[in-house]
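Each remark here refers to the structure printed beneath this line.
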Amino acid sequence: MSFKDLRSFIEHLESNGELKRISHPVDPHLEMTEIADRVLRSKGPALLFENPVGNDMPVLANLFGTPKRVAMALGKEDPLALRDVGELLAFLKEPEPPRGFKDAISKIPMFKQALNMPPKTVRNPPCQEVVKTAEEVDLTKLPIQHCWPGDVAPLVTWGLTITKGPRQKRQNLGIYRQQLLGKDKLIMRWLDHRGGALDFKDFKEKHPGDRYPVVVALGSDPVTILGAVTPVPDSMSEYAFAGLLRGERTEVCKAISCDLEVPATSEIILEGYIDPEEMAEEGPYGDHTGYYNETDSFPVFTVTHITHRKDAIYHSTYTGRPPDEPAMLGVALNEVFVPILRKQYPEIIDFYLPPEGCSYRMAVISIRKQYPGHAKRVMMGAWSFLRQFMYTKFIVVVDEDVNCRDWNDVIWAITTRMDPKRDTVMIENTPIDYLDFASPVAGLGSKMGMDATNKWEGETDREWGTPIVMDEAVKQKVDEIWSDLGIDDAPTL
C-alpha cells in the first residue's frame with residue numbers, strides 16, 4: 001500500500017489501531033511532550049491532538065514512534081522487510097555488472113523503474129489551497145511545540161528543508177530543527193556538513209551578498225519524509241527515491257516565491273530566504289542526548305509566504321533521552337543499513353545501532369572473520385562508508401556466533417575475547433556530533449573501536465579457549481523428559 005499524502009496514512013493507521021485521536025484540550029507548551037513521551041515508551045499509537053490549547057489546527061505526534069509504523073509508512077508490515085529497501089539502495093549505490101545476457105535482461109526493469117521516477121509537476125496543488133503573504137504571515141499562529149522546560153522557544157522539528165546549490169542539478173531535502181524567533185523568522189540550525197548548509201555555502205561563494213531561497217515543507221507524505229532521512233545516492237533526488245518506493249512519481253509543485261519544487265500534498269509550506277548577513281543565537285534545547293545543548297550562531301530564515309491545505313494538520317515531534325521518536329526511526333532504518341553494508345563488506349553478518357546509544361553513537365557489528373586484523377578493517381570501513389556513521393563514536397566487532405543485538409552476548413564477548421590494550425583502537429581528531437559536549441572541541445573528538453572477536457594466530461601467542469557447548473543428544477533427551485521432572489515450564493534458550 002502506498003500513501004500519496006499524510007492524511008491517507010493517518011486514515012490507514014487509525015483503521016489499524018495505530019492512531020489515537022485526542023479530543024481533550026492539550027497544551028503544545030510541555031504537555032504534548034509529556035503525553036507523547038509516555039505513549040512512545042509504552043509502544044503506543046500515533047497521536048492526533050484535535051484541540052491544542054490556543055489553536056484550532058490539529059497536531060500530529062508520535063507518527064514514527066514504533067519501528068512497525070515506519071515500516072507501514074513504506075508499505076511494509078514488518079520492520080525486517082525494510083531490508084528490501086536496503087537492497088534497493090545498495091543496488092542503486094553500486095550496481096553490479098551483469099553476469100551474462102540473461103542477468104542483464106533481468107536487471108532492465110529495475111534500471112527502467114529507477115530512471116522513470118522523476119517528480120511529477122501538478123497544478124493547483126493541495127498545499128497551496130490557502131496562501132498568506134506580507135502581514136498575513138504569522139508563525140506564532142501555528143501550534144509549534146515547546147518541548148522541554150529549559151527550551152528557549154517553540155521549535156519546528158519535522159520540517160523538510162528544501163534547498164538547491166549552484167553545483168547540484170537536484171534539490172536537497174534535509175530535516176533541521178528551527179527555533180521560532182518571531183512572526184516571520186526562524187533560526188535554521190544546519191551543521192556545516194549537512195546538504196542544506198553545503199548548498200548555502202556554494203550559493204554564497206557564487207552569489208555573494210544575495211538572499212538564498214529556502215522552502216520548508218511540513219506534513220508531507222510519509223515516504224517523502226523518510227526519503228529525507230535515508231542514505232539516498234548523491235546522484236538521485238529524494239523525490240525520485242520516494243517515487244521508487246511508492247511505485248508512482250512524487251507529486252510536486254513550484255513554490256510561489258522561487259523556483260524550488262515542494263511536495264504538492266504537504267499540509268503546510270513555509271517559503272522565504274536566508275540573508276547571509278543575518279545570524280542569531282540558537283538554543284539551548286533539550287536534545288536526543290538527554291541533555292540541553294549549548295547555544296551557537298546559525299542563519300536566520302525569513303518567511304515571506306505561508307501556504308497550506310484547508311483544515312491543515314501540523315506534524316511535530318520532540319527529542320530527548322532515548323527512546324524518543326528519532327531513536328525508533330533509527331531502529332527501523334537499521335534494517336536499511338544492513339544490506340548496504342553487506343554489499344560493500346560481504347563478511348558482515350549483522351549490524352546494530354542500539355537506541356540507547358542515541359541512534360548512531362554506538363554500533364555493534366558481527367562478522368564472519370577470515371584473517372588477523374579483520375575486525376579493525378571492518379571498523380574503518382563502517383566509519384568511512386556512509387556519512388550517517390561519521391558521528392559513531394564506538395564500534396564493537398564480534399564473531400558470527402555472537403548476537404550483536406543481545407547485550408548479554410556482546411558483553412560476554414567483550415569481557416572474554418578482548419585485551420584492552422591490544423584490541424582497542426583509538427582515533428583522535430575526527431568529526432563528532434556538534435551536540436556531543438563530551439568531546440574536547442565542538443565538532444571534533446575521538447573514536448573507539450573494540451575488537452571482541454576470537455583472536456587468530458598472529459594476534460595472540462596463547463591457545464584460544466573453546467566455547468562450552470552441551471551435547472545435542474543430551475539436550476534432546478532432556479527436552480523429551482522435561483514434563484516428567486515436575487519443574488516449571490522450560491526456559492526459552
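Placed from the backbone N, Cα and C atoms, the Cβ positions cover glycine too.
Annotated in Swiss-Prot:
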ACT_SITE  ASP287  active site, proton donor
BINDING   ASN172, GLU238  Mn(2+) binding site
BINDING   ILE175, TYR176, ARG177, ARG189, TRP190, LEU191, ARG194, GLY195  prenylated FMN binding site
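Taking ASN172 (Mn(2+) binding site) as the reference point, the binding-site residues whose C-alpha atoms are within 10 Å of its C-alpha, out of ARG189, TRP190, GLY195, are GLY195.
Other than ILE175, TYR176, ARG177, ARG189, TRP190, LEU191, ARG194, GLY195, the residues of this chain whose Cβ falls within 8 Å of the Cβ centroid of the prenylated FMN site are, in sequence order, THR161, GLY174, MET188, GLY196, ALA197. Cα separation, ILE175 (prenylated FMN binding site) to GLU238 (Mn(2+) binding site), rounded: 12 Å.
Once the Cα atoms of ILE175, TYR176, ARG177, ARG189, TRP190, LEU191, ARG194, GLY195, the listed binders of prenylated FMN, are compared pairwise, the greatest separation found is 14 Å.
Classification of ILE175 (prenylated FMN binding site) by DSSP places it within a strand.
The Cβ neighbour count for ASN172 (Mn(2+) binding site), using a 10 Å radius and every protein chain shown, is 20. Looking only at other Cβ atoms within 10 Å, the busiest spot among the recorded positions GLU238, ASP287 turns out to be GLU238. Listed in sequence order, GLY174, TYR176 are the same-chain residues six or more apart from ARG194 (prenylated FMN binding site) with CB atoms under 8 A from its CB. The CA atom of ARG189 (prenylated FMN binding site) is located 13 Å away from the CA atom of the residue listed as 'active site, proton donor'.
Its Cβ placed at the centre, ARG189 (prenylated FMN binding site) has 21 other Cβ atoms within 10 Å. GLU238 (Mn(2+) binding site) sits 12 Å from GLY195 (prenylated FMN binding site), counting Cα to Cα. Under DSSP, ARG189 (prenylated FMN binding site) is assigned to coil, being neither helix nor strand in the three-state scheme. Between the CA atoms of TRP190 (prenylated FMN binding site) and ASP287 (active site, proton donor) there is a gap of 14 Å, rounded to the nearest whole number. For the pair formed by GLY195 (prenylated FMN binding site) and the residue listed as 'active site, proton donor', distance between Cα atoms is given as 21 Å, rounded to the nearest Å.
Counting in whole angstrom, LEU191 (prenylated FMN binding site) lies 15 from ASP287 (active site, proton donor) by their C-alpha atoms.
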